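> Dropping the structure in here first, questions after.
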Amino acid sequence: MNIAAVQKTCAPLLRPLGAAYAACMAARRAAYEAGVLPRFAPPRPVVSVGNICWGGTGKTPLVHWLLRWCGAHGLSAAVLARGYGAKPPQLPLLVRPGNTAAEAGDEPLMLARQNPDAAVLVDPVRRRAGHWAEAHLAPHLYLLDDGFQHLAVRRDLDIVVLRPVDLTGEWGRTIPAGSWREGTSALGRAHAFCVKAEPDLFNALGPQLERRLVRYGMPVFSFRLAPRGLVRVGRGLDPRPTEQGAATRAHLDGAPYVLVTGVGEPAQVHATATHFFGYPPLRHRIFPDHHPYGPGDVRQLAGEGCAVVCTPKDAVKLAPLCGEGAGHEGTNQPDLWAFDLVTEFGPALWSATSFPEWWAARWAGLSAARRV
């Protein structure tokens, strides 16, 4: 079912429902702000990375970037994540690299494996996870992954990630009329906006950015996920390209490949792959976001007869299903590779500094105020 097509066809009926939904979310927000509903308010800074819509926008890569920044500056961080679709053996779950995606969720597991020195906690009740982290870890900083609407945790900074379509056709279209979780007034809580877009697209969005976001008086940064190469995916292989045991390659040298994605924005991954390799995939196998891959999926991929490329988010679920001989002839295993992605920041609006410089300045202010 094409949800967007249904929403467009039924727009006259759905708009009033969307307005009612936005009003309910605004009332909920007011209840938290008035202290009617309880909030976890730790003594250390809390930074939320979230979005206004459902689905993938690039939140988790930004959380990963912040974790790497914290590690480089000698700061401990605790991520409070919901763990979409996860079934943790206990709550909260302190995610370890050895956990499975079924236990922790694909994105928390990816963060834990990419940042083994960070604490990634999964619990749908993030207030509970925060209390546990404060009692057992006392980190310098809390990061809320997908936290914009999770108001049960007080935050010092809200970084809101937007898609280009949020600035055009989806602007202000709340559920069920569109994909937004809240109305436009909610963006007034943001301290910065990050738009996942290539520099050329970000610059082309200038008129929409001016019309939509100037009223909030906050900086707007662009970013993209840029592949640096490929990392072999298989059981027992380290997913981090710089670590011992990781098999890497810079390119496919013009060989054909199949792209497989179980993410929120598969078209963006297709465009990234086409740009990186210089040619499109033979096929693009698109699965739903957070798809729980099974042995049947792996058998299909093994039958492709060429390299199969996926995202790091897909890799954490596919790796356990692939033997240690993955990719070797005669093993009946797919020749599976994942992109080694790096977050790159591009042009900005209403800011004299880049996002890393802006963040460093904001952290200096937060840490001084909280005496971190």
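Every residue, even glycine, has its Cβ placed from backbone N, Cα and C.
Pasting the relevant annotations from Swiss-Prot:
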BINDING   CYS53, TRP54, GLY55, GLY56, THR57, GLY58, LYS59, THR60  ATP binding site
> Can you tell me the three-state DSSP label for CYS53 (ATP binding site)?
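The residue in question, CYS53 (ATP binding site), is strand (DSSP, three-state).
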> Which residues, sitting 6 or more apart from LYS59 (ATP binding site) on the same chain, put a CB under 8 Å from its CB?
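Listed in sequence order: VAL49, GLY50, ASN51, ASP145, ASP146, VAL161.
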> Near GLY55 (ATP binding site), which residues of its chain come within a Cβ-Cβ distance under 8 Å, counting only those 6 or more away in sequence?
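The answer is SER179, GLY264, GLU265, ASP289.
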> Compute the centroid of the Cβ atoms of CYS53, TRP54, GLY55, GLY56, THR57, GLY58, LYS59, THR60, then list the same-chain residues not in that set whose Cβ lies within 8 Å of it, in sequence order, for the ATP site.
ASN51, ASP146, VAL161, ARG163, GLY264, GLU265
> Enumerate same-chain residues with a sequence separation of six or more from THR60 (ATP binding site) and a Cβ-Cβ distance below 8 A; give 'none' if the list is empty.
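Counting only residues 6 or more apart in sequence, the Cβ neighbours of THR60 (ATP binding site) under 8 Å are GLU107, MET110, LEU111, ASP145, LYS313.
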